[in-house]
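Participant: Before we start, here is the structure in question, set down as structure tokens.
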Amino acid sequence: MGNMFANLFKGLFGKKEMRILMVGLDAAGKTTILYKLKLGEIVTTIPTIGFNVETVEYKNISFTVWDVGGQDKIRPLWRHYFQNTQGLIFVVDSNDRERVNEAREELMRMLAEDELRDAVLLVFANKQDLPNAMNAAEITDKLGLHSLRHRNWYIQATCATSGDGLYEGLDWLSNQLRNQK
């Protein structure tokens, strides 16, 4: 009984929690984004084999962010992280025009999974600081985001190294969580 009141109190006044899965092709900037959000600084990264997981506190929400490696050989493992995921962050290297179709295929494959049917989608169009980077509208088109029905999605132009756009993305996620019944 006491536990019920504690949960009610936490629900009304305490932190909300959101489980986030962050994926994307290798070298898109996922790990850099994770640690920029967690530590506020740029860290030296190596390709992620497996995953990194961190809790990021922002606006009274505790985001548990799973950063899963994006190399093609380990992408089949992404599905093991789908369960209970409320938000999906898909990171795209906006400068990598050659692999944007590959990114689209991976994104659409994931969104077809039953375990992710209720997850909201945030796309980070990363590396906007590079001179040849596609803007958010172009990434939206290339990923086919307008074709998504029955799913809340948002695209945010970002630069992981400066932090530009990252918190705007978290704002959108936190608003989505607040609007869930």
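Even glycines carry a Cβ here, placed using N, Cα and C.
Since this is a predicted model, take the numbers as computed values, not measurements.
Below, the features straight out of Swiss-Prot:
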| type | residues | note |
| --- | --- | --- |
| BINDING | Gly24, Leu25, Asp26, Ala27, Ala28, Gly29, Lys30, Thr31, Thr32, Asn126, Lys127, Gln128, Asp129, Ala160 | GTP binding site |
| LIPID | Gly2 | N-myristoyl glycine |
| REGION | 3-16 | region 'Important for the stable binding to the membranes' |
Participant: What does DSSP call Thr32 (GTP binding site) in the simple three-state scheme?
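Facilitator: In three-state terms, Thr32 (GTP binding site) counts as helix.
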Participant: By Cβ count within 10 Å, point out the most packed of the binding-site residues listed: Asp26, Lys127, Asp129.
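Facilitator: It comes out as Lys127.
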Participant: Ranking the binding-site residues Gly24, Ala28, Lys30, Thr32 by other Cβ atoms within 10 Å, which is at the bottom?
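Facilitator: Result for the binding-site residues Gly24, Ala28, Lys30, Thr32: minimum number of other Cβ atoms within 10 Å at Thr32.
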Participant: According to DSSP, folded down to helix, strand and coil, what is Asp26 (GTP binding site)?
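Facilitator: Looking at the DSSP assignment, Asp26 (GTP binding site) belongs to neither helix nor strand, so coil.
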Participant: Max CA to CA distance in Å over the GTP-binding set Gly24, Leu25, Asp26, Ala27, Ala28, Gly29, Lys30, Thr31, Thr32, Asn126, Lys127, Gln128, Asp129, Ala160?
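Facilitator: Output for GTP binders Gly24, Leu25, Asp26, Ala27, Ala28, Gly29, Lys30, Thr31, Thr32, Asn126, Lys127, Gln128, Asp129, Ala160: max Cα distance 19 Å.
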